[in-house]
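One structure is given here, and the rest of the page talks about it.
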Amino acid sequence: MLAELGFIRTIGENDEVPVEPESDSGDEEEEGPIVLGRKQKALQKNRSADFNPDFVFTEKEGMYDGSWALADVMSQLKKKRAATTLDEKIEKVRKRRKAEDKEAKSGKVEEKEGQADSDLKGQENPGEDEAGSKDEDSETDYSSEDEEILTKADTLKVKEKKKKKKGQAAGGFFEDASEYDKSLSFQDMNLSRPLLKAITAMGFKQPTPIQKACIPVGLLGKDICACAATGTGKTAAFALPVLERLIYKPRQAAVTRVLVLVPTRELGIQVHSVTKQLAQFCSITTCLAVGGLDVKSQEAALRAAPDILIATPGRLIDHLHNCPSFHLSSIEVLILDEADRMLDEYFEEQMKEIIRMCSHHRQTMLFSATMTDEVKDLASVSLKNPVRIFVNSNTDVAPFLRQEFIRIRPNREGDREAIVAALLMRTFTDHVMLFTQTKKQAHRMHILLGLLGLQVGELHGNLSQTQRLEALRRFKDEQIDILVATDVAARGLDIEGVKTVINFTMPNTVKHYVHRVGRTARAGRAGRSVSLVGEEERKMLKEIVKAAKAPVKARILPQDVILKFRDKIEKLEKDVYAVLQLEAEEKEMQQSEAQIDTAQRLLAKGKETADQEPERSWFQTKEERKKEKIAKALQEFDLALRGKKKRKKFMKDAKKKGEMTAEERSQFEILKAQMFAERLAKRNRRTKRARAMPEDEPTGPAKKQKQQQKSVFDEELTNTSKKALKQYRAGPSFEERKQSGLPRQRRGNFKSKSRYKRKK
């Protein structure tokens, strides 16, 4: 009856309901069939036939507004001459290659059918070439045999932990070191109404563990030394108590009261964005002073004395020495975010200089994901009676992260590029971050993946600030699917929606690995990391498997798939070289144009007026900066690596050849990581200095000492045991006499009789 009227009927007691079988997570499982890129596009087209393609939701999904406060930052960027982008160059080379391939194919046809017939066909159908080129652009050239190979599924195996031997105790590094009220909510923290309104507007429901522990202590005005895993909301943990303090105690004069130091420009922009959103309903002003942005506009903003200044150490020192009205004597709160990273880089001397110039009567908050010896030294110098907050272990990965590893066989290091290309074209097609060890390899991977037809961006130190922000914006807005980055993007950046992190090589240390994979599975979301592990990196893999709480998977790609992609990359080597040549030509053109511009400017102004412009001063001389850079650089001339004949020979051979092979490139990436690990091991072997803060490493179990029973008057009188009588007859012991101040017992003048003497 209900079915006839078009209603959905209810399920009866005797009706059987088909239940979908749950996915079995056994020791070995095979993923579903691979769907290639062009088939996915065709499926998407068929699905969207019923819907209007121009329809857009008015509200974006996410925790808070997607604008990311980039508009005002982009306006401060240094305006440079517009040049062709790398993607345009890649597209140009791709079109040229397709045209050459088409000519080669048409040449074969001409040999068979005759030149005259082909000419006639060309005259009759002049529009065929354009249509064909469009079809080729939309589809990748895969034959039926190739599709059979490329659609083979990968195999996943569970990597078992090795059982611990008896006597090996697990180290409890920072675990359960801090206690906090787990039922605490934002409403219970006594925050002002404007802040609670901003928290609600940003979509925060419950505070994270680090926020529950830090915000109440920060509101008391105490110094904080906090250590928590990456992606746990440290920015809001220090921003909320600072904003509450500024609202509660308004400023009397126009001075900057809060300084936030960050290691990278991108992290600075992110902290500035979050702070601005938290302060949107109050009159607190913020300013961003990082490298790459216009110096003059920053100086103008600093003269207005903003309440909160977010800066990188280098640009801050530049302003302190060259902006007369700007100083740090009025700073009430100093925040050091990602302190371990700042001391890893070349910021050590700069950090000391900034702390020296800050006000002594200040509250200091030090936040770090890892607690290294350098961070402890910095804490002992900058903090006064700090409250130590360690929420969880710094070697913990996110709880919902699925870790996968791909083994690289011995003498097959050159397969890394082919494996990454296979993963990105077959399995992980969007919202992917690919980490490399060097800037050169990141740039090469961008070109290579671009030539394979993928939407790629890159993020590393060789790019200008405009290019960095543009890459981040495009990745966030889903204009590009893959972001190739070095460790510059491995810390603190909260890029929403990252599904997969791929490691081209294993990073320097386990801590760096934790930071890299921390870009995904953030704030309770699920994510996946895939790392390529060679024979030289097996030791680190064992450490990661040992520390993992969830089972770790081993992914196995079919060998014929790897060979197919390896052949494909070998064919693209000429195109990669062509793109690099175009870049080199453009760079030379820009340099010559810049020289002409400077010459014209000098002629227009006159040499005298040009010389009158004051040079920007710095707290170190050029020679001191050069020495510091060489001392910390990981190059063949590094003092720590002298005598390593193998490595020096490898570097020399690579320089002689000029262009390295795929295996040599992979070897160079691993070599860089090993160099860093070696330096770290040397640093750890140094004798440790005495610190103001107590050590956090757990000491060994103390031996239990037997407690001596105190002398009791009535017990001594009533105790008639053999031992008690013996002690009573012997009288007080030497210690008892000493404590009570009795004179020592004098020995008598007893002499043994001659009969007891030994006979000679």
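Using the three backbone atoms N, Cα and C, a Cβ is placed for every residue, glycine included.
Matching 68-96, 184-212, 532-560 against Swiss-Prot, the residues noted as motif 'Q motif' span 184-212. Candidates SER23, SER138 were compared with Swiss-Prot; the annotation phosphoserine appears at SER23. Range 337-340 is the one annotated as motif 'DEAD box', of 313-316, 337-340, 733-736 (source: Swiss-Prot). Looking up SER25, SER143 in Swiss-Prot for phosphoserine, the annotated residue turns out to be SER25. Tertiary proximity for the motif 'DEAD box' (337-340) is limited to same-chain residues at least six positions away from its ends with a CB under 8 Å from its CB atoms, namely 234-235, 238, 260-263, 267, 271, 366-372, 374-375, 378, 491-492, 511. According to its DSSP assignment, LYS234 (ATP binding site) is helical.
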